[in-house]
Amino acid sequence: METIAFRMHLHPGKRDEYRRRHDAIWPELADALRAAGISDYWIFLDDDTHHLFAVLKRPADHRIAQLAETDVMRRWWAYMADLMATGPDGRPVEKALEPMFHLE
């Protein structure tokens, strides 16, 4: 199992709405994330910079790349687009983060 982390950007003033939408995550999206191999998924917010930091675990045989091809993922991205920085294809702009320390 591999742990990865990445950064996204939340638009100023959108904190509460971002939390509200994630508190009511669509069951079919949660199922799709799990089916792709994602587990122990956390998203943290730095309120000063509006950066979101996501951390998740995935197995070697994950299918995360295929999520972009699913209807539910595309609908979620469209639903969230007014809250965060997105690319031309509608997906959130993500910056992979390099692990610097781990204590087990």
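One is the number of the first residue shown, and numbering goes on along the chain from there.
Quick reminder: no glycine exception, Cβ is built from N, Cα and C everywhere.
Noted in Swiss-Prot for the protein shown:
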BINDING   Tyr18, Tyr41, Trp76, Trp77  substrate binding site
ACT_SITE  His22  active site, proton donor
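Shown are the binding-site residues Tyr18, Tyr41, Trp76, Trp77; of these, the residue with the fewest other Cβ atoms within 10 Å is Tyr41. It is 10 Å from the Cα atom of Trp76 (substrate binding site) to that of the residue listed as 'active site, proton donor'. Annotation note: Trp76 (substrate binding site) sits in a helical segment as assigned by DSSP.
Residues Arg21, His22, Ile25, Leu29, Met80, Pro92 surround the recorded substrate site, their Cβ atoms falling within 8 Å of the Cβ centroid of Tyr18, Tyr41, Trp76, Trp77, which are themselves excluded.
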